[in-house]
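First the structure, in the form of structure tokens, and then the observations on it.
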Amino acid sequence: MKRFRRHGQESQRDRLKQELFQFNKTVEHGFPHQPSALGYSPSLQLLAIGTRSGAIKLYGAPGVEFMGLHDENAAVTQVYFLPHQVELVTLLDDNSLHMWTLKAHKGLSELLEIGRFTLTGPPGAPPSVTRVTAVLAHSSGELLLLGTEGGHVFIVEVPGFRELEERNISLDQVASSVPDDYIGRRNLEHVEALQENPVDPNQVVIGYGRGLMVIWDLKKQRAIQHIPATQQLESVWWTEDGVYLLSSHSDGSYCRWMASGEDVNEEEEKSDIPYGHFPCKAISKIVQLPTEEGPPFLLFSGGMPRASYGDRHCITVIHSKTHVALDFTSRIIDFFAIRGGPQHTGDPSALVVLVEEELVVIDLQTEGWPVIQTPYLVPLHSSAITCSHHVSAIPLKLWERVLAAGDLQNTHYSKKPWPITGGQNLAPDPPQRDLLLTGHEDGTVRFWDASGVCLYPMYKLSTAGVFHTDADPNDNMNQGTEGEWPPFRKVGCFDPYSDDPRLGVQKIHLCKYSGYLTVAGTAGQILVLELNDEAAEQTVEAKVVDLLQGQEGFRWKGHTRLDVREEPVLFPPGFQPFALVQCQPPAVITALTLHSEWKLVAFGTSHGFGLYDYQQKNNVLVKCTLNPSDQLAMEGPLSRVKSIKKSLRQSFRRIRRSRVSLRKHHVNNAAKLQDANARLEAELAEMELAPVQRKIEARSSDDSFTGLVRTIYFADTFLSDSSHNTPSLWAGTNGGCVFAYMLRLPAAERRADEPVTAQPAKEIQLMHRAPVVGIVVLDGHGAPLPEPLEVAHDLARSPDMQGSHHLVVISEEQFKVFTLPKVSAKMKLKLTAVDGSRVRRVGVAWFGSSRSEDYGESGLVVLTNQGDVHVVSLPTVKMQVHYPCVRREDVSGIASCVFTKHGQGFYLISPSEFERFSLSARVLVEPRCLMEVPLHTGSSIQRRPQLDGASSAHRITTHDSEDAESAARRVMEHALLNDEKVLQEIQKSLEGDQTSLLENNVKNAVA
């Protein structure tokens, strides 16, 4: 008989789903991938970073973040804020200009694109005529000066992007005014630099690539001074008093010129090469800032001696007798200085440097110029991230102890507050304290405050000290040699080089109640650590676990184990290791869990799994899961990479030899090349590594890595009969096998003396043999069992031990529920058979209702190889919602995903950035910030007189279009009463603005 669904029940469930589940990508944590441009607004106190992928990100006070993305897939090459406004202009490498604004909407600001513009030259002109190479945002806030590859300067009115053709400065105009003896020798090349006179906004200096600088009067539209430098020009700086110009050049020199209004002879050039007379690299940017008392600060990037230090990335800071070359570990993108005082015209207080892999801020007011720790934009990938672990709702005591240990590591940082303070952070305080732990290639574990919008570094744990490595512990990167020239000083924390790849952290598990931590690595090492507030010197003894259990015919071809230090090691305050388990063969640890109440650690590799008692420091259980045909599991990841490289190299050599012979004989050309390519493809297909997609049919037991342990789980449940619950250990393998062991724990008073024992209880073989990626036991109410010590700390209700428990086994292909203790199948939900996708990551989460504080549901959160996230209900295993989350092609992003206990998640969108997302309608961590329009001060208005042809009627404020219309109306009335000629001009421009306004409205409506 056909069953009909009750319409009322369905609609009620749909409403409940809306109250429980809601998908949002909320914030990007970390450092932008491939930054390409830097901008700063002193009046807004906002920092802007553009990237090669076309993203634009704004940062102010901690928690104030805005992000925009250009429609064009082009790199952002330059970013400029309009002075004293909330607009900024971006230039992309496709030569398009884009206007962005921070617009208030429902009490919060958002970053919106409000216009785009591309210069168009005269018909038939080559593209170089309009290819923008330099941009100047004029202090009036109403003009953009655009220097081009063809040597022209175009003047464009903003924010409407209207070209003022009558005021453009053509190359012919400039060339005709240049002294004959100069123009006869060289062409001027492109416009390299544009700078405004800080004292007179009608004067700008145009710097040409070949070295000529021309001071141009915008009002009189003529050149008033020519400065003929002899070297290729890199940048120009106009000193604040308007008296001098500084120019930096490609030969590592910089020159000081008097801006007197009279032409300068070449003989008057005052050149200085800071780093000697040997060939030097170009000084790409130079800045000079005055101080109230004493000499100015001189800052420049580059200029290093080419032969000795041509590979260094340096910014030199010179003040009085102090001269330091700040040495960064990655390429410098740009830098700027922050100045003190209410008008931001005081002494320089901080130097902000954007390099390719991090943002570094130097305190220029404290002796020694220490680094200021960044509250955001921290390089997560200072060593490559290898794994992640999230812990929700950290108890205050543990939180404070971790913070205290971290503070002791940060004594070298400046005590000054973060200098970029723009905007208001309106986000509510986080409801709980959350930790994100990241494991890294160099053997470190970093602790991050993941409670709010900013991912803030709290503490760094290094595991390398336990082992012998090539690194010298006395190395101090920050100290240069006494008397060294140039006077280098290493800055920044990006250091991607690992001394030993075997140190790489693969799995982490932290118990937030006891403070115990276990960290497992690439070479089969498992460390158990506890939190200590004092430094301690101790020896860490290794307990070796033979996972092969004497099986014959297997020979490990991978890396050797790490050598443990036999002498005592001094460990600083924080997490200190007290036990070490070493697996043999030393394969990568693939599964790890810790039960702090039972004092046990369980772990798995590609060869088997084990159980370790860290109170007695004894092995409790060792189980080999290796299949007799599993020879590939004996090679190890590092040896497999080597063998693949070797095979590829041999294949390419064969192709090269075949191509050489083809050239000699000139016969059967196409056929032989095709044959060589076919051989290469066949070899590549044979060397397939852990494929993303596999056949849906049942797998044979001959598949490689069937013994690899994917998941391991502790549970206090019913295994022998339905009346006696017992501690148990569960392990799931790549071959679809689940092992269950019953554990016998001595009474508390005898726990330190009597051994813990384990005996086999159950073994389940899934028919479809798909890898088991998750195991969960549900209590009598269908709720997942609480974490160890969670009930003891009154943070969870005791599990129901009256009703029957259920076992949920999550394989790559389906979710299956078994009854306990009989282990008979009860229900299942198929995934692969329905849509072809496979489970890659799984977690258990609690979803609270957004309407009712008292209602919530537990569910499984699943990420598939298609990049979709699903929520599956418990205990009924029914699909609730699914959303596209990660790009299907982003295999590393899918592999890096980690779920939280409250329906959020993190995954890497680049090596240096986590994308945070939420599936919960109640729990949402996202930026909520407001940026207000800065007020013009009297002095700044007096300093910036109105320029000819730039009428205030062309200004559009950021509040909304009604303000713009009322302002235009007032100007129109004034013009009607005073001057008919002005009226005609303004009306014409207003019509242009109305057209652009209409286009923007249409564009927004379509969007």
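Residue numbering: from 1, along the chain as shown.
Here the Cβ of each residue, glycine as well, is placed from N, Cα and C on the backbone.
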Stated TrEMBL location of region 'Disordered', expressed as one of 6-31, 942-967: 942-967
Annotated range (TrEMBL: coiled coil) out of 355-382, 383-410, 663-690, 859-886: 663-690
The domain 'Lethal giant larvae homologue 2' (272-370): DSSP-derived helix, strand, coil residue counts: 4 helix, 52 strand, 43 coil
Within the predicted model, mean pLDDT of the domain 'Lethal giant larvae homologue 2' (272-370): 93
Helix, strand and coil residues within the repeat 'WD' (431-449) as assigned by DSSP: 0 helix, 12 strand, 7 coil
